[in-house]
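So that you can see what the record holds, here are the features copied from Swiss-Prot:
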ACT_SITE  K14  active site
ACT_SITE  D140  active site
BINDING   P98, M99, G100, G101, G102, L103, G104, G105, G106, S107, S108  ATP binding site
Amino acid sequence: MSAAISRNWPAPAKLNLFLHINGRRTDGYHELQTLFQFIDYCDMLDFKVTDSSELILHSNMAGVVADSDNLILRAAKSLQQMTSFKGGAEIWLDKRLPMGGGLGGGSSDAATTLVALNTLWNTQLSTEELAKIGLKLGADIPVFIHGFAAFAEGIGERLQVVSPPEPWYLVIAPDAHVSTAEVFQDPLLPRNTPKLAIDTLMSQAWINDCQKLVVSKYPQVAKALGWLLEYAPSRMTGTGACVFGEFTQQQQALAALAKLPSDMQGFVAKGMNISPLITRLNHP
């Protein structure tokens, strides 16, 4: 008998509420301190367990990323191999998050795949075991698997649960694809921000060490940030290109969105300290 499709597994976006680069390691990775918070704007995935070991992905972004590079398929394959699960899955992705925008969409898709298939395949790995699989695929996948707003250190893998305010955000996605690798390789990137205690970081003004460099190289990011700063305290997330402004009320964010210039795209979303994925997992 054919298995039913398990629907509406969310893969939420994240924002880096601050991002400090503390140094570069001998292996080329950067030491950082950052604060992750989720927003209620998500890709959505559906899953169907199959008897065959084949992994099939259907996506409204078909052809953009080769199957061998697709984090969803790599995550599913890694879980198969780790657990020796003999079956497979058919996966449907409804891609809503901008690609390459600093919102973590690809990592979130991979995390949701690991969490959902661990449940649907009944492979019974712990959250920590899933996070270890995820870390091999991407440094920010573990925070999506754990599903709680977190202060992160190291290359982003050492997590401490925190509960920052949950404002409304207006997120603008400039028409620019910023290469994370190029940003971190740029000699002008600040790499010497002192490491600070979490209490100090949580109480001071929040900045993104990548922002000045990206704004100088990408006029679209500079324009979006300049516009948004007229309405609210605003910063870039990750290495960009997306920027976000903080509002205390949804109506304030929607009013600003209504004035968004026609050459920009944006959306309003709520900050969330508990990921929608955790809610979905606990309410199958």
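Any Cβ shown, glycine's included, is placed from N, Cα and C.
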Calculate the distance in Å between the alpha carbons (Cα) of K14 (active site) and G106 (ATP binding site), and round it to a whole number.
11
Out of G102, G104, which of these binding-site residues shows the lowest number of other CB atoms within 10 Å of its CB?
G104
Pick from P98, G100, G106: which of these binding-site residues has the biggest number of other Cβ atoms within 10 Å of its Cβ?
G106
For the recorded ATP site, whose residues are P98, M99, G100, G101, G102, L103, G104, G105, G106, S107, S108, find every other residue on that chain with a C-beta no more than 8 angstroms from the centre of their C-beta atoms, and list them by sequence position.
A13, L97, G238
